[in-house]
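Below you'll find the structure, written out as structure tokens, and then a few comments.
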Amino acid sequence: MTAAVFFGCAFVAFGPALALYIFTIATEPLRIIFLIIGAFFWLVSLLLSSFIWFMAATLTDNKDEPRQRDLLIFGVLISVLIQEVFRFAYYKLLKKSSEGLKSINPGEKAPSMRLLAYVSGLGFGIMSGVFSFVNTLSDSLGPGTVGIHGDPPQFFLNSAFMTLVIILLHMFWGIVFFDGCEKKKWYTLLVVLLTHLLVSALTFISPYSGLNLVLAYIILVLTGIWAFFVSGGSCRSLKLCLLCQDKDSLLFNQRSR
Amino acid sequence: MLTFMASDSEEEVCDERTSLMSAESPMPRSCQEGRQGLENGEGAAQWRGQESEEDHEEDPDRYVCSGVPGRPPGLEEELTLKYGAKHVIMLFVPVTLCMVVVVATIKSVRFYTEKNGQLIYTPFTEDTSSVGQRFLNSVLNTLIMISVIVVMTIFLVVLYKYRCYKFIHGWLIMSSLMLLFLFTYIYLGEVLKTYNVAMDYPTLFLTVWNFGAVGMVCIHWKGPLVLQQAYLIMISALMALVFIKYLPEWSAWVILGAISVYDLVAVLCPKGPLRMLVETAQERNEPIFPALIYSSAMVWTVGMAKLDPSSQGALQLPYDPEMEDSCDSLGEPSYPEVFAPPLPGYPGEELEEEEERGVKLGLGDFIFYSVLVGKAAATGSGDWNTTLACFVAILIGLCLTLLLLAVFKKALPALPISITFGLIFYFSTDNLVRPFMDTLASHQLYI
């Protein structure tokens, strides 16, 4: 299609994640490493779920369309489950490694579990978003007309927004999930799993991508608010931050004088 | 090979082609000796590095050296871990850059994906009728390639043992000449063809001449560190592109696997050529060939400038850092006898304390990582997921290798883990994940 579509969709989908990476992660080497390990965990979970889907598809070996679609839905649900399992596995790994780091290196401050929750969630999200969208994005540079056969013409834009919502949701889920694990609130894990299933299910239950998107964004906002309160924010601190009266900006103002 | 130039003695670190050596370095000697050794050792290293068609040079390059400072054990561990993350990132950046260059070229310039003959090291063709024959041919190609590599490495070790430094030096310069001029000329020609940009011969001559001449100076003599790093990345990328073009499909994958095994054997076995090279270099207390190694060490060596009066712009000289890297251990406060006080106005003294360790990675590692990712990008379906999966796998392998280094504290090869992960992820993503993701994308489902 056009370069405008390519760049527009690329920045819609990956802009916030890129900004988060540049401002919060790129400065600290350890965070970059944890991000990449998180991405790797998501990749392994995808590998496992593709394998299961592939096995199921070859074993049933039924070529008619409804059966294929059922298998696909099965694949999606299994994939969501495995992703959450790997998120838990990553949590366990981080827990073990942070204890190890602390014992060997008492002087250096190890990153807190909250920070690791954010980084791991972002890692999962970036990898998930990239895998979902990058092939579509590269196709958008080629020739063609979207929706020529009656499909919705806003295909690229819808995909971009959906990718964005998935990335941000993974980040929030990571924060909430790790907090639930830390405080042993196991219902939190269940809620995260169910929300993830809901967001994925929305994409195949409702054929109207507009409705999907709106619902997904509502879930995003709710999960974001939950993650905010879980990670220690409060209405008061938010107000202080927005009015630039919080401690950091006060110190900054003093320094500049 | 990755080298942690962690204030280590030269023997350990710079001598061999950067083995991953987290060695307890003995007390470092003075810089002067090191300098001598460096001049000689340089030649050897460079010869090995710049061989264009031979990839035997990668063998030495495939080690990872981690220098652990010659400090009391508890401190060593702490410092290794403390600096570990930064070193990993210092390696991630150049490896990523090299891969990005290779993938960008593969995806845009058609020349490097066209089949136009094969190297003489892989004489068996893969255009056979049956699958079994093709597999057999690729195995035979691999055997020939690996034996060429083994022979060359042994030849190199012999030359080094008998101190034929001039010969090594000359060969190295020949190879880098070829890489910097001929391959660059071809590359530039193909890129211009792809984008349909006309360039007249005088401009071309001027461009290639300047590029090549500055490259030779930077790599073999003195130049700004960043420029040297950039040139090393570029020649690794060029070399990787040559391999991607001229290695037939299946042979490339089998060769990658075989090279990892060879790397493992050559570094860890007592009679392995690379290990013998390491030990010889250690005995002679000579630094390793600088041009074969990517060095990310910064020039901190204010003190070094004093010892080496000719290196006035000490900040800009990569070979001094080479020597200085090896002498970094000398530069540490623990060894005040060779550490001169900072020149007035030089701001970086704390920096020295902080940044005395650099990391070195052999060019062979760069080349083979890029070959893997480039092949993943070149083959078949134009799928970006496979390329990205291989990229992440290689970075994770590199991370793990560095972690193992911190744990085992001895020379370890840098290729096996990354290449294994890369190969696993390539084949599984291409065959399992790709159909799944494509089907999901076509139905607009998100997981």
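Don't overthink the numbers, they just go from 1 along the chain as shown.
Glycine is no exception: its Cβ is also placed from the backbone N, Cα and C atoms.
These come from TrEMBL:
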TRANSMEM  A:6-25  transmembrane segment
TRANSMEM  A:32-59  transmembrane segment
TRANSMEM  A:71-94  transmembrane segment
TRANSMEM  A:115-135  transmembrane segment
TRANSMEM  A:155-179  transmembrane segment
TRANSMEM  A:186-205  transmembrane segment
TRANSMEM  A:211-230  transmembrane segment
Contact between the transmembrane segment (A:115-135) and the transmembrane segment (A:6-25) (at least 3 Cβ pairs under 8 Å, separation 6+): yes
Which range wins on Cβ pairs under 8 Å with the transmembrane segment (A:32-59): A:6-25, A:71-94, A:211-230? A:71-94
Residues sitting near the transmembrane segment (A:211-230): Cβ under 8 Å, six or more positions beyond its termini, same chain? 158, 161-162, 165, 168-169, 171-173, 175-176, 179, 195, 198-199, 202-203, 238
